[in-house]
Every structure is written in structure tokens, then in C-alpha cells.
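What follows is one structure encoded as C-alpha cells, with my remarks underneath.
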Amino acid sequence: MELLPLWLCLGFHFLTVGWRNRSGTATAASQGVCKLVGGAADCRGQSLASVPSSLPPHARMLTLDANPLKTLWNHSLQPYPLLESLSLHSCHLERISRGAFQEQGHLRSLVLGDNCLSENYEETAAALHALPGLRRLDLSGNALTEDMAALMLQNLSSLRSVSLAGNTIMRLDDSVFEGLERLRELDLQRNYIFEIEGGAFDGLAELRHLNLAFNNLPCIVDFGLTRLRVLNVSYNVLEWFLATGGEAAFELETLDLSHNQLLFFPLLPQYSKLRTLLLRDNNMGFYRDLYNTSSPREMVAQFLLVDGNVTNITTVSLWEEFSSSDLADLRFLDMSQNQFQYLPDGFLRKMPSLSHLNLHQNCLMTLHIREHEPPGALTELDLSHNQLSELHLAPGLASCLGSLRLFNLSSNQLLGVPPGLFANARNITTLDMSHNQISLCPLPAASDRVGPPSCVDFRNMASLRSLSLEGCGLGALPDCPFQGTSLTYLDLSSNWGVLNGSLAPLQDVAPMLQVLSLRNMGLHSSFMALDFSGFGNLRDLDLSGNCLTTFPRFGGSLALETLDLRRNSLTALPQKAVSEQLSRGLRTIYLSQNPYDCCGVDGWGALQHGQTVADWAMVTCNLSSKIIRVTELPGGVPRDCKWERLDLGLLYLVLILPSCLTLLVACTVIVLTFKKPLLQVIKSRCHWSSVY
């Protein structure tokens, strides 16, 4: 009897534990498809046909993306009245019942992208009207027209962000966004919009970001969204962009007009805060210097704007598009892939704050460097892929490129640069002059030479760390061509014979170089001075496309990480040299497109097992006049290689001895045939009687 209370307590404890375990197992079974973190439930991609009902009722974020729900019923979300964020992206939704959001008074973010809501858009619109506190709504990819979108957005005055991207909207008027006074972000990209009526966005007083990319807009005229900060109209068919005239102050900071068909530089607001202007891939050019126009009528264009019963005429100067634009705060200007043949006087002077200028792939022939042109704040200048044959530097101009850090002049027609141009560029770190037919100035360089520039001098550019001279047709390098620089990256590729069989011209920068490219330079193994032992910090070496027959020499403490030996004349690799580099940290080596002998690759096991050869599947070798992939070679030494590994002396003896014996027998027969007396003597002396 004394033990009865103890047994009762133990029994009650085990029953409680068992009940808890069973209930926990049931809960885990119902929640196993979802990940629960705090108040967030992630059920994406679980092939759910309905909203799970056993999740914690206090959940505030529910993600059901990529589940075949098809229909959101009135009761689907009732267990979760505290939801603040709901994502139903790619759920094949065709219908949302009218009362689906009736109990979701706390919902702030709703994602319905990539569904089929155009099927029952009226019922969906009625369901959305029950969300008075909704701030973010994503309706992208639902095949909605402008009328459907207008109905769904009706009475949702609390919205801050709306996405209608990827729908079938064609025209916009003031009825589509009526009542959205608090809207700040509007995404309309990837529609079919070809017309925007005047006043379509007038009711959006708080709008700050507008995305109209990937549509069919032919022009934007009388642009007057003064409070807009970011406008993206890229990938349309724009031929004109004209802002509203007058003295209205615009808050526009970023304007993207890239990938259009603009013919003229856009007419920007007279007062703005523009910081980023993207004009890439258009048909723009400046034309004043190309056409001798003396008549004022030939220098203007008039736009007739008809809005109902009101007709406005806008007169624009064709040749001075930028003169009235406010570019004082501009930081980033991308004018690449256009038709600019020159830059007008004073164009860059209007941008004193400009730090990045991209003029890649235009038709520039000359560039005049004057005071404040380019501006002193410029840090990156890209003039690559033009037709530049000469750079003009104003006399007596000092520190014109004092802030420049990156200067790209590749793929032009330059023969040299003005004396002193780089001497004033005290902060330049990256310089690309590849694919220009330049030559390097001898030592000492004439700093006071006159006439057109005929060479380039890189000496004493203390800040220079990266230099590319690929394909410049350079002759043999002069003495100390890079003296006084801090080069860590040097590309001399495709300059045949530039080293003249020696690495001595690189001795000034050899201890600092980390990346060296000597591709397609005609290097061959007979260069006795081709020794990289002095390049103590070298990590990446490209020797592809040369005529090397032996492995380069790497002495000292050189620890390469990447080595490229493709397209050479290597027949084998010395195992000692390769093993040394592997032990020092060689991570990647390229060996393909060399005439290797298959009988000399059996020692490459360390390379193969270490996965060091990046192009191992492409490495081939020669076996009995057949090209075979190394990966397809049989295990062990191939049969055709065994004869090659025999002692050559023994092989020659085996081949010569039968020939000698045959020759001796033939000589004996001939002598005995033509010497009959001798034969008789031999017979008489060797005769003996037969015994029967």
C-alpha cells in the first residue's frame, strides 16, 4: 500500500509523455511540408492542392509559391487572421473567391504574380477590395488588360507599390491608376504599351519609381513628372525624349533611356537633380559641326501636341539639345554604342560632378582635352572601340586627369598620346591601350617633343597597377619601359618578338607582377633567358599560343596558381618541375592543343587525381600517328610503347645479326660456285669411304 502512490505517479507520467509524443507526431505530420521560422511559414514547391490548415494561427508570413492551388476559397485563410505577408506566386490561380481576404485586416503585402487571374478578374477584384490596408501588390504575369488592372486597383488607396509587369496592357489613361494617391513604385515593364495619354500619372502625387522598360513607346514628349526620382524607359522604340519646358524643378535622379532609337541627345529639364543618365545603344549623334546650316529654320524642330481641344507647339533646337539641360549633379553618363562623331565645345563642362563617362563603341575621331573638359572629378573614362587617331591636349594644361583611375583607349587608331598626358594622371591605376598601333618611347623620352604624338611613355607612372598592350604591334621593348610603375597586371599578348628572347625588359616590375600574359608572342624554348625565377609574386601566367617545346623554368620561391600552356609544341612534361609547382600551390593548369606523345603521359597521375588540369577532357596525344584523348588511353603502358622502351643497342643487334649471317652464307655459296678447282680440292681432302 505504501508503494501505491508511487506507482500511480509513474503511470500518470508515462501516460502524459505518450500523449505528448502522439500529439507532437500528428502536428509534425501536418506541418512537415512547411518550414516554420518564428512567425514565418514557407510551404513553397510542396505540390499542395489547398492551403494547409494546421499551421500556427499566429503566423504573420505565409509563402505558398509554386503549388497547384488553382482556387483560393473563402475559408482558405481563415485560420490565419494575423497574416501580414502572403505570397501565391506561380500557383496556377484562376479564381479568388470574393470573401477570401475577408478576415485579413492585417495583410500588407500580397504577391499574386504568374497566375491566371484574367479568367475571373471581376471576382478577384471584389476580393482585393476587402484589403483596405494593403501596401504592396504584385499582379505581374496574369495576362491582364488595362481595364482589368483598373478594376483590380480600384479603391486600394493605401497601396505604396504595384507591379503589373508581364501583362497585356497597351494604353494608359488617368482611369487606370485613379485613387492611388499614395503610390510610390509602379512597375509596368514587359507589356505592350504604345500610348500614354496626357495626365495618366497626374493623380500619382507620391510616385517616385516608374518602370516602363520593354514596351513599344515611340516617344516621350512633354514629360512633366516633377517628383519622380527613377524612370526606366529602356528597351522601347523611343526616337524623342522631351521634358516639359519652363522653370519647374524636377527631382529626377536616374533616367534610363538605353536600347532605344533616339536620334538626338534627350531634352532634359532645366532644373533637376539628375545623377545617372543611361543612353546606351541608340542612334544618337551631335550634328551642328557636320551640317553647315546658316538659316535658323534649319536648326529647329516643332512638335505639335494635341490634347483634346488644346494644341501646344514645342520648338526645339536640333543642334543644341544639351544647352538648356541641367547636368550639374550628373555623376554617371553612359553614351556607349551610339553614333557620336565628336563632342561639342562645352558639353562636358556642364557636368562638373561627372565621375564615370562611357563612350565605348562610337565614331569619335578626335578628342580635345581642355580645361574642365573632361571635368576634374572624372574617375573612369572609356573611349574604347572608336576611331580615335589623335588626342589633343591644350598647351600648358596641368592636372587635367588628376582624379582619373581607369582609362580605356583600346581598339582605336592611336599612334601615341600627347606628351605629359599620363604624367599629370597621378591617380590612374588601370590603363588599357590594346589594339592600337603604338610604340614605346625610348630612354630617355623626349618630354618636350613637338608635332603629332609618335610614342607612349609609361615611365614614372607611380600609381599604375594594370596595363594592357595586347595586339599593339610593338617592336622589341626599349630599356626599362615600365620603370617607376607599380604594375601587378601586364598583358603583352599578340606582340610578336616584343621580348626579343629575354625577360630583361620586365626586370623593373618582375618582383611586383601578379598576372602576366605573354600569349601569341612567338616564344620558344631556345630562349635561354626565359626564366621566371625573378617573378616572386607571380600568380597567373599565360604562355598559350607560343612555340614552347619544353616546360618553362620556375625557380626560387615562385608559387603559381594558374598556368596556361595551351597551343604550344609540348610533347611531354617534366615530372619534377610539375611536382614542384603542385607542391607550391598550383591550382589550375591548361595543357590542351599540344602534340603530346602518348608514351610519355603515364606519369601525369598527380595532375589527374588532383583535378589540376582544367581542360583534361580536351588533352590529346599521338599514338602511332593517331590522335587519341588522354582520358581514353587504356590503363598501364600502351602496347605500341613497349618497343620504344627496349634497349636500343639490343634492338639494333637483333636487327643486324640475321642480315650479317645471311650475307655470309650468300658469299660462301658464290665463292664455291665459281671456284671449281678449289671445290675439287675440298672434296678430295674431305672424302672418306662409305661403309656398307
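Indices start at 1 and increase along the chain as displayed.
Backbone N, Cα and C atoms are what each Cβ position is placed from, and that goes for glycine too.
Database features (Swiss-Prot):
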type	residues	note
CARBOHYD	ASN21	N-linked glycosylation site
CARBOHYD	ASN74	N-linked glycosylation site
CARBOHYD	ASN155	N-linked glycosylation site
CARBOHYD	ASN232	N-linked glycosylation site
CARBOHYD	ASN292	N-linked glycosylation site
CARBOHYD	ASN309	N-linked glycosylation site
CARBOHYD	ASN312	N-linked glycosylation site
CARBOHYD	ASN408	N-linked glycosylation site
CARBOHYD	ASN427	N-linked glycosylation site
CARBOHYD	ASN500	N-linked glycosylation site
CARBOHYD	ASN622	N-linked glycosylation site
REPEAT	228-239	repeat 'LRR 8'
REPEAT	251-272	repeat 'LRR 9'
REPEAT	353-374	repeat 'LRR 12'
REPEAT	512-534	repeat 'LRR 18'
REPEAT	585-594	repeat 'LRR 21'
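ASN427 (N-linked glycosylation site) carries neither a helix nor a strand DSSP state and counts as coil. Compared over the glycosylation sites ASN155, ASN408, ASN500, the count of CB atoms lying within 10 A of a residue's CB peaks at ASN408. Between ASN622 (N-linked glycosylation site) and ASN155 (N-linked glycosylation site), the C-alpha separation comes to 77 Å.
Under DSSP, the residues of the repeat 'LRR 18' (512-534) split into helix, strand and coil as follows: 0 helix, 6 strand, 17 coil. DSSP states for the repeat 'LRR 9' (251-272), grouped as helix (H, G, I), strand (E, B) and coil, give 0 helix, 5 strand, 17 coil. In the three-state DSSP scheme, ASN500 (N-linked glycosylation site) is classed as coil.
Comparing local CB density within 10 A for the glycosylation sites ASN74, ASN232, ASN427, ASN622, the maximum falls on ASN232.
Candidate glycosylation sites: ASN155, ASN408, ASN427, ASN500. Nearest to ASN74 (N-linked glycosylation site) by Cα distance: ASN155. When secondary structure is read from DSSP and collapsed to three states, ASN408 (N-linked glycosylation site) falls in the strand class.
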